[in-house]
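Below: one structure, written as structure tokens.
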Amino acid sequence: MSASDLTSVQAAAPQGSRQILVTSALPYANGQIHIGHLVEYIQTDIWVRALRMHGHEVYYIGADDTHGTPIMLRAEKEGLTPKQLIDRVWTEHKRDFDSFGVSFDNFYSTDSDENRVLSEKIYLALQEAGLIAEREIEQAYDPVKEMFLPDRFIKGECPKCHAKDQYGDNCEVCGSTYLPTELLNPYSVVSGATPVRKTSKHYFFRLSDPRCESFLREWVSGLAQPEATNKMREWLGDAGEAKLADWDISRDAPYFGFEIPGAPGKYFYVWLDAPVGYYASFKNLCERNGIDFDAWIRPGSKAEQYHFIGKDILYFHTLFWPAMLEFSGHRTPTNVFAHGFLTVDGAKMSKSRGTFITAQSYIDTGLNPEWLRYYFAAKLNATMEDIDLNLDDFQARVNSDLVGKYVNIASRAAGFLIKRFDGRVQDSAMNHPLVAKLRDAIPQIAASYEAREYGRALRHTMELADEVNAYVDGAKPWDLAKDPANAVALHETCSVSLEAFRLLSLALKPVMPRVAAAVEAFFGIAPLAWADAAKPLSSAQPIKAYQHLMTRVDAKQIEALLAANRDSLQADAAGAAAGGANAAKDAKSNAKANAKPAVVNGADDAPISIDDFAKIDLRIAKIVACQAVEGSDKLLQLTLDVGEEKTRNVFSGIKSAYQPEQLVGKLTVMVANLAPRKMKFGLSEGMVLAASATDEKAEPGLYILEPHSGAKPGMRVK
């Protein structure tokens with residue numbers, strides 16, 4: 001290697017070691033890790049590994065989010081204490097993260113002494129600052145279970161479209177939002193009883209305080225993602241608008257969580273102590289390893305603090321969390337990085353299609369975790385864009401990039417080097433122009449990782465792999481090996497190929513750490529860091545016998561994975577049926593004991609006559625345009641051709657299942673004679689029909705009805 005080569009590589013390395021604390025959002029301890037979760041943990045882990053390869057002091061912290069009503073109720077249903085449930089789920093989550101190479105320095109639990117102490121300390125500091133308010137509020141109360149009910153634990157009939165079994169805050173059929181008090185025939189999803197209204201004292205974090213607003217307006221300017229900045233400014237509004245609302249941080253007993261100091265029977269809402277769990281997990285690590293915790297979290301700390309999250313929880317991490325930290329005497333996050341959602345084959349993950357894929361089913365089916373790490377990395381960038389796991393593309397990309405391009409290089413050269421040259425490279429070959437080009441590219445690839453542009457880093461890497469393969473194809477070592485007179489040329493070809501392979505492995509190490517470890521063992525070298533681009537292979541260290549590093553993805557493995565997850569749906573359904581029967585018995589006996597009958601779903605679904613059905617005008621409609629509704633998380637605006645002179649405008653609550661571009665040009669079925677309804681987004685002139693499971697938690701998914709292609713807009717369905 002020339003002196004100039006060495007200088008260029010070293011100049012790209014960061015000057016001085018940084019202290020960096022990194023977190024991913026905490027998984028809720030109420031279910032399994034699935035591939036949608038893994039997008040975030042893999043994204044964070046790649047970033048952390050890339051920074052560690054610079055020699056920085058980096059700590060990647062995680063924990064299970066363990067508090068709240070859902071965990072309390074699930075534990076009761078399973079005959080466990082909440083502690084027993086969260087301990088079991090922690091073991092399952094830790095197993096899954098280990099399987100996918102997620103390299104937490106500490107994976108802990110929010111149900112810890114450290115978290116209790118820190119949550120109380122932050123709360124008391126906010127109280128001292130005059131940022132905690134007490135107010136009486138009215139809530140729904142379950143008289144059978146003797147507990148207050150969150151909105152999502154109340155169901156009933158939508159007051160607008162009269163769809164049954166809708167949640168207490170919004171209708172998933174027509175997209176309306178409303179108060180739980182407006183629901184018709186409401187019932188508790190916990191017991192089936194009719195809720196009553198009760199008042200209770202609650203505690204609020206005064207986010208509307210001018211101090212909070214002023215701080216957040218300044219803090220938002222430092223966010224790395226323009227989408228996040230724009231969203232925060234939308235929430236903040238213009239100066240003087242006072243759009244920020246105070247945040248209810250308390251819940252009433254019974255509740256699984258931490259009791260609020262000086263407020264018996266009142267508990268911290270899970271979203272207060274969950275982010276504090278980042279610090280609690282780090283404090284636990286610090287105490288075990290002699291790290292100065294306070295030096296990392298005090299105001300003005302030189303340490304950096306980053307949070308990777310899904311875009312759905314941006315509100316908590318860019319409003320409440322930084323404000324809580326600022327006014328409780330802590331440093332604030334350096335930045336928050338939000339990612340998009342995962343779809344599978346262009347649609348929301350579905351248990352019925354087998355695409356609601358759990359981490360454990362992926363491992364049990366025998367698929368390589370580093371295949372998925374590579375595929376996700378190839379799709380990820382620094383924006384909040386959603387990413388799609390296309391299973392055909394997954395198979396093709398892994399087989400082409402990783403097997404056909406990358407590991408193929410080593411397999412083509414290693415045998416010749418061991419057999420003909422005792423496994424020792426030709427030192428002069430380390431200055432070959434191709435090797436120099438790869439070496440010069442390493443700083444650019446490392447910079448792409450730090451910028452969270454993983455797709456760019458991998459495209460660059462695979463372009464270089466193409467050049468290496470073209471070099472091997474041109475040199476034809478298999479032909480050179482036939483004539484002893486070509487020994488020098490053969491030695492050079494194999495040496496260049498293997499040094500290039502080492503550099504490609506360095507470039508891929510943040511994404512595929514296990515393959516990188518196998519490559520390090522193959523070459524007999526220390527763990528690779530970015531600075532090692534300048535340390536080529538040497539004839540002083542012979543390589544070891546080549547072992548296969550990766551196999552191809554087989555279509556049968558994909559089929560088995562989908563089948564395994566469809567089977568799990570059937571098992572869940574059987575369990576839900578049994579559980580539902582038991583719950584019905586319990587609700588009946590509880591209701592009897594309280595002299596109040598429980599509501600039974602569907603009891604009023606009396607048969608209708610053919611005349612009743614004839615009143616509904618169902619028409620074929622063509623979706624000629626579709627767009628997301630700004631300000632709504634659920635609605636799409638459809639422009640429909642119904643065979644009339646003018647198109648119709650319809651709002652539909654199917655945003656969770658479809659991207660707008662997926663629907664344009666499709667035929668569907670609409671209720672054409674439904675009275676137009678004025679919504680805050682505009683006038684809705686009908687309703688499109690969509691199917692969903694009765695229990696959408698057990699089987700999520702919405703599916704619009706699509707007639708055969710021979711149908712035409714305006715045709716009547718009868």
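Glycine residues also receive a Cβ, built from the backbone N, Cα and C atoms like all the rest.
Quick look at what Swiss-Prot annotates:
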type: MOTIF; residues: 27-37; note: motif ''HIGH' region'
type: BINDING; residues: Cys158, Cys161, Cys171, Cys174; note: Zn(2+) binding site
type: MOTIF; residues: 348-352; note: motif ''KMSKS' region'
type: BINDING; residues: Lys351; note: ATP binding site
type: DOMAIN; residues: 612-718; note: domain 'tRNA-binding'
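In this structure the alpha carbons, written CA, of Cys161 (Zn(2+) binding site) and Lys351 (ATP binding site) are 28 Å apart. For the binding-site residues Cys161, Cys171, the ranking by surrounding Cβ atoms (within 10 Å, all protein chains) places Cys171 first.
In the domain 'tRNA-binding' (612-718), the DSSP tally of helix, strand and coil residues is 7 helix, 41 strand, 59 coil.
Excluding Cys158, Cys161, Cys171, Cys174, which define the Zn(2+) site, the same chain contributes Pro159, Lys160, His162, Ala163, Gln166, Glu172, Val173, Gly175, Ser176 within 8 Å (Cβ to the Cβ centroid), listed in sequence order. Here the CA atom of the residue listed as 'ATP binding site' lies 22 Å from the CA atom of Cys171 (Zn(2+) binding site). The separation of Lys351 (ATP binding site) from Cys158 (Zn(2+) binding site), Cα to Cα, is 26 Å. Of the recorded residues, Lys351 (ATP binding site) and Cys174 (Zn(2+) binding site) place their C-alpha atoms 24 Å from one another. Residues within less than 8 Å, Cβ to Cβ, of Cys174 (Zn(2+) binding site) and separated from it by at least 6 positions along the same chain comprise Cys158, Lys160, Cys161, Ala163, Phe651, Gly653, Arg677, Ser684, Met687. Across the motif ''KMSKS' region' (348-352), the DSSP tally of helix, strand and coil residues reads 0 helix, 0 strand, 5 coil. Across the range of the motif ''HIGH' region' (27-37), the DSSP-based residue counts are 3 helix, 2 strand, 6 coil. Annotation note: Cys158 (Zn(2+) binding site) sits in a coil segment as assigned by DSSP.
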